[in-house]
Amino acid sequence: DRHLRSESQRQRREIKLLLLGTSNSGKSTIVKQMKIIHSGGFNLEACKEYKPLIIYNAIDSLTRIIRALAALRIDFHNPDRAYDAVQLFALTGPAESKGEITPELLGVMRRLWADPGAQACFSRSSEYHLEDNAAYYLNDLERIAAADYIPTVEDILRSRDMTTGIVENKFTFKELTFKMVDVGGQRSERKKWIHCFEGVTAIIFCVELSGYDLKLYEDNQTSR
């Protein structure tokens, strides 16, 4: 009886929050914010672990912009940037696998990002898939490419990685234990949502304000 009462009290003090929403709606960002506010944030080693992801985000953003140029019928302002575009695709594979931006790749990325044609393509990013952290990282390439670069808290919050499966994060606030459950938002992941509803106290459905004119990541015809 004592054990049952103790378990009942523990369950009453546990709040299960289920985060739902489409891909890129901000679910994982909320989990990271709760970790920062209530769980001590990210230590030095945890920050370093985000470096490869952030570098990937920066490279992926620029390659998406360059690929979209042809589809949107936008030309480079400087014809020399066409050679840089070839170099970009040649250098990104090794850079992503090593988790670093070489000086050669940095020069290529800076020239491409500064080209008015690329900027015009970026301004039409609602017409193709581009993460909303693109400008944040591409405007700060020198810092991100530095050999001693360590991601800041803001860098981590802005990083994007596709969630697959079910991710749980626990934190305590005012003697209550919160269990926040984050599940993937892609269509292929939504069938897993049903397994998360048991014992849920509240559901938080996330919607990104910037997604009003965007299409689903997995379906370029359906509005988010």
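Including glycine, each Cβ sits where the backbone N, Cα and C put it.
Annotation comment: TrEMBL describes SER28, THR163 as Mg(2+) binding site. Annotated GTP binding site per TrEMBL: LEU157, ARG158, SER159, ARG160, ASP161, MET162, THR163, ASP182, VAL183, GLY184, GLY185, GLN186, in sequence order.
Distribution of TrEMBL features across the structure.
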residue	record	Cβ neighbours (10 Å)
SER28	Mg(2+) binding site	22
LEU157	GTP binding site	16
SER159	GTP binding site	23
ASP161	GTP binding site	11
THR163	Mg(2+) binding site	18
VAL183	GTP binding site	21
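Annotated pair LEU157 (GTP binding site) and SER28 (Mg(2+) binding site), C-alpha to C-alpha distance, rounded: 9 Å. DSSP assigns LEU157 (GTP binding site) to a helix in the three-state reduction. Classification of VAL183 (GTP binding site) by DSSP places it within a strand. Secondary structure at SER28 (Mg(2+) binding site), as computed by DSSP, is helix. Secondary structure at THR163 (Mg(2+) binding site), as computed by DSSP, is coil.
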